[in-house]
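**Student:** Supplied in structure tokens, the structure appears directly below.
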Amino acid sequence: MKKAEKDDSETSRLLDHAAQNASRHVQLETDSVPDVVTYGSVTDEHTEEVANNTETSTEEEGFSLRRASKRQILSFISIALLNFCGACYYSVIAPFFPNEALKRGVPQIVVGLIFGCFAVVNFFGNLVFGKYITSIGSRFLLTSGVFVSGSCSVLFGLLEYTEGTTFMVFCFTIRSIEALGVAGFQTAGTAILTHAFPNKVGTVMGSLEIFSGLGLMTGPPIGGVLYDLGGFKTPFITMGLLLLCCCVFVTVLIPPQPDEQEGKTDVPLLFFFKIPAVLVACGLTVVVACMLDYMDPVLQPYLIKEFKTSPVHIGLIYLLWAAVYAILAPGCGWLADKKKCVPVMVTLGMAGTMVGTLLLGPSPLLTDYAHILPRKLWVNIIALVVIAASCGAVMTPIVNMMLWAASDAGMENNFALYGLVSGVMNAFFAIGNLLGPLVGSALTERFDFPWTSTAFGGLVLFYIVVLLVFYIYDGCLSPTRVW
């Protein structure tokens with residue numbers, strides 16, 4: 001009997017010792033900094049609660065549709081399809097619209113304004129939709145945005161039967177309404193995916209760039225073929241019907257979103273813009289958008305004039321540019337989810353962009369003054385590859401940068417914040433889409449393309465300095481912060 005009591009006492013002592021060790025182990029894990037930064041919670045069958053009151057989901061292991069839930073898979077497929085169709089529609093207009101507008105009596109400067117009004121309306125639309133996304137409803141905003149865009153595309157095709165002032169007025173009106181539709185599905189789509197994959201935002205955004213790149217690659221040739229087959233109206237009506245089909249597809253596939261349960265949530269927009277890191281990310285968005293678009297109206301004429309490049313070869317060069325961007329963007333997105341890597345990746349990406357812009361032309365600083373490089377076509381091809389690879393490294397972390405900054409400032413991580421970040425990022429990207437081509441065209445008309453590219457390289461250098469100053473200053477204020 002005494003022996004049994006002694007054994008029970010020894011067992012109790014061992015159990016108490018093991019419990020103390022486990023308690024110390026849990027305390028150490030709780031005090032440590034998590035490797036994965038989670039912006040919110042994902043409520044599906046793949047999420048489980050763990051002992052330290054944190055959540056572990058399949059996203060922490062990596063972005064994979066095989067391990068994703070049904071809701072995540074449907075959301076990603078739907079938004080990816082919209083990205084492809086939206087990019088294809090955006091680029092389908094390039095081969096023929098400017099010439100058609102000129103033939104209908106539209107001055108050259110007004111043609112530029114027709115393109116520019118889209119970016120301006122898109123900027124304000126993204127800000128408004130981003131702030132009030134939970135009041136409107138993300139799923140309704142997504143589907144209605146696609147419906148409005150597709151309908152406007154069909155109406156734009158019917159402008160074939162108008163000319164002169166009537167043509168111009170309806171161009172401005174339809175493009176402005178269309179910009180609101182695009183802003184709606186851009187903002188809602190990014191917010192939905194941010195909530196669906198809260199731990200892999202960069203990876204998902206990088207993966208989406210594959211579909212955007214494919215759309216940009218296929219849009220111009222599709223537009224040219226459709227224009228040859230049926231004239232002005234055919235590309236617009238075809239793409240509009242495609243978007244309307246996507247609207248039906250998305251309405252069926254996109255599952256109910258959390259904002260439908262959260263209800264109306266007010267997000268302090270002015271407070272968000274007072275966060276220094278957010279302002280830096282907004283400026284970065286404008287700069288990278290300018291780098292992606294400033295060459296659109298001026299590079300093709302320069303290549304034809306300087307190197308006698310044929311239209312087919314120019315098309316292949318643009319195809320290479322889009323392919324490099326689409327292929328490397330997912331890898332950049334994977335790095336963008338690692339908070340410690342972001343400052344280095346963004347800085348190196350900006351440095352690569354600066355080098356690429358100086359090679360594009362090439363810059364007279366390298367050919368006429370330093371005599372380092374010849375003015376050859378192959379130098380320009382290398383420059384475009386460098387720019388495409390570098391811009392992907394800069395673009396993919398921007399959503400994460402804004403989310404981290406808002407979280408550090410004490411803003412609540414919910415669907416309303418995701419919508420605000422999505423709207424702000426898309427809004428400032430639209431500003432870059434407007435300023436890049438306008439400034440690029442003006443500088444090329446006053447000087448020439450090599451000096452224009454040099455000027456944009458100087459802009460990138462200036463913003464590299466801004467980034468370095470910010471990182472140093474922010475690190476001194478918050479030495480315990482990761483970046």
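Backbone N, Cα and C atoms are what each Cβ position is placed from, and that goes for glycine too.
So TrEMBL lists the following for this protein:
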- 1-16: compositional bias 'Basic and acidic residues' (COMPBIAS)
- 269-483: domain 'Major facilitator superfamily (MFS) profile' (DOMAIN)
- 1-26: region 'Disordered' (REGION)
- 73-97: transmembrane segment (TRANSMEM)
- 109-128: transmembrane segment (TRANSMEM)
- 140-159: transmembrane segment (TRANSMEM)
- 236-255: transmembrane segment (TRANSMEM)
- 267-295: transmembrane segment (TRANSMEM)
- 315-335: transmembrane segment (TRANSMEM)
- 342-361: transmembrane segment (TRANSMEM)
- 381-403: transmembrane segment (TRANSMEM)
- 415-435: transmembrane segment (TRANSMEM)
- 455-473: transmembrane segment (TRANSMEM)
**Student:** Are there at least 3 C-beta pairs under 8 angstroms linking the transmembrane segment (455-473) and the transmembrane segment (236-255), leaving out pairs fewer than 6 apart in sequence?
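**Tutor:** They do not touch: fewer than three Cβ pairs between the two stretches lie under 8 Å.
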**Student:** Below 8 angstroms Cβ to Cβ, which residues of this chain, lying six or more residues outside the transmembrane segment (342-361), approach it?
**Tutor:** 284, 287-288, 291, 295, 299, 302, 332, 335-336, 367, 373, 375, 379-380, 382-387, 389-394, 397, 400-401, 449-451, 453-454, 456-457, 460-461, 463-464, 467-468, 471, 483
**Student:** Would the transmembrane segment (140-159) count as touching the transmembrane segment (73-97), i.e. at least 3 C-beta pairs under 8 angstroms with sequence separation of 6+?
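**Tutor:** Between the transmembrane segment (73-97) and the transmembrane segment (140-159), contact is present.
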**Student:** For the transmembrane segment (415-435) against the transmembrane segment (267-295), do we get 3 or more Cβ-Cβ pairs below 8 Å once near-sequence pairs (under 6 apart) are dropped?
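**Tutor:** Yes, these stretches are in contact.
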**Student:** By a Cβ-Cβ criterion of under 8 Å, what residues six or more beyond either terminus of the transmembrane segment (381-403) are in contact with it?
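**Tutor:** Tertiary neighbours of the transmembrane segment (381-403) are 39, 190, 194, 201-202, 205-206, 209, 277-278, 280-281, 284-285, 287-288, 291-292, 317, 320-322, 324-325, 328-329, 332-333, 335-337, 339, 342, 345-346, 348-353, 355-362, 413, 417-418, 421-422, 424-425.
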